[in-house]
Amino acid sequence: MSEFFSMGGYGGYIWASYGVTALAMIVLLIATLRGLRSSRIEREQLEAVLQSRRPRRTKKTQQAS
Amino acid sequence: MHRFAKPSVFLKFTAPILPWLSALTVILIAAGLYFSLIGSPVDYQQGHTVRIMYIHVPAAWMGLFCYVGMAICGAMSLIWKHPLADICARATAPVGATFTALCLITGSLWGEPMWGTWWVWDARLTSMLILLFLYLGYMALVNAFDDPERGSKAGSALALVGAVNVPIVKFSVDWWNTLHQPASIVRMDGPAVDPSMQLPLALMILGFTCYYFVVLILRVRLELNERRIRALHLSGMFEDPETPTSAKEQAYEAGHNAGAKQ
């Protein structure tokens, strides 16, 4: 097992490469999901405000998720 | 109305694809990791460091792939003023920048044990660094204007001009071959790679590409939400300039009560 992690003495370089790649990809995904969530909440709040203010007006809007 | 038509089609189209694409990404990267770390042989010259190739080369591929996608979207945004093209270009830039940075970092981590140096100012490395700056410049530029239309125009122009760099990256190792020391050139792409090493490489390239499309779909949704928020703020101000944005809750309450009375 320790042989696997040492990678013939190059373990540090190899695991650093894989680690930084995994970290960056996960951070980008989480940042995207969090931004998506907060933007969706804000959009829904605003839509609720406008909808309740102008109940009779037919709204031509698209449904963004 | 027609401006919103295409984004809504995009959303309808991608919603059922997203879970499958996410699952495919996980499977491809998991299989790719198995074959790159365990299921593939060591290189007879480089030993285990060849395993860095399985993320370095896919990251480089993604850096170029995303840039080409971004430049095409930029061109479509400039020519046809299609809002979705601009949104896709904006959604692509952070993914491309991330992979380009990863390519440079993993390249350094590979270069130190194999070349004996973290960095060389050679054509390939320098043009890849320029690619990263083009991404960062694009992202800074599109957000530098109050009017998003002007931002996307400037950004698209930058993306298109910067596209000149893509073939330079691709062919730099051929054009400036003499600048390399023969021993330092580790050319591992295409058919020069042993089939046992092609498999993890292909899996990781496909996995990274799927990952890009997953993040792209999510970021397009994010961008569409933000555009909608901007439009709602503008229409809200037009209707009632007295209501500040911070009083959103109060406005909601007031509107709700008014609606109930009718």
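Placement of Cβ uses the backbone N, Cα and C atoms for every residue, glycine included.
What TrEMBL records for this protein:
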- B:19-180: domain 'Cytochrome c assembly protein' (DOMAIN)
- B:20-39: transmembrane segment (TRANSMEM)
- B:59-80: transmembrane segment (TRANSMEM)
- B:92-111: transmembrane segment (TRANSMEM)
- B:123-145: transmembrane segment (TRANSMEM)
- B:157-177: transmembrane segment (TRANSMEM)
- B:197-220: transmembrane segment (TRANSMEM)
- B:240-262: region 'Disordered' (REGION)
Exercise. Is it true that the transmembrane segment (B:123-145) and the transmembrane segment (B:20-39) have 3 or more Cβ pairs under 8 Å, skipping pairs fewer than 6 apart in sequence?
Worked result: no
Exercise. Hey, which bits of the same chain come close to the transmembrane segment (B:197-220), Cβ under 8 Å, at least six residues off its ends?
Worked result: 7, 10, 14, 17-18, 21-22, 24-25, 28-29, 31-33, 35-36, 39-41, 43, 50, 53-55, 57-59, 61-62, 65-66, 84, 87-88, 90-92, 94-95, 99, 188
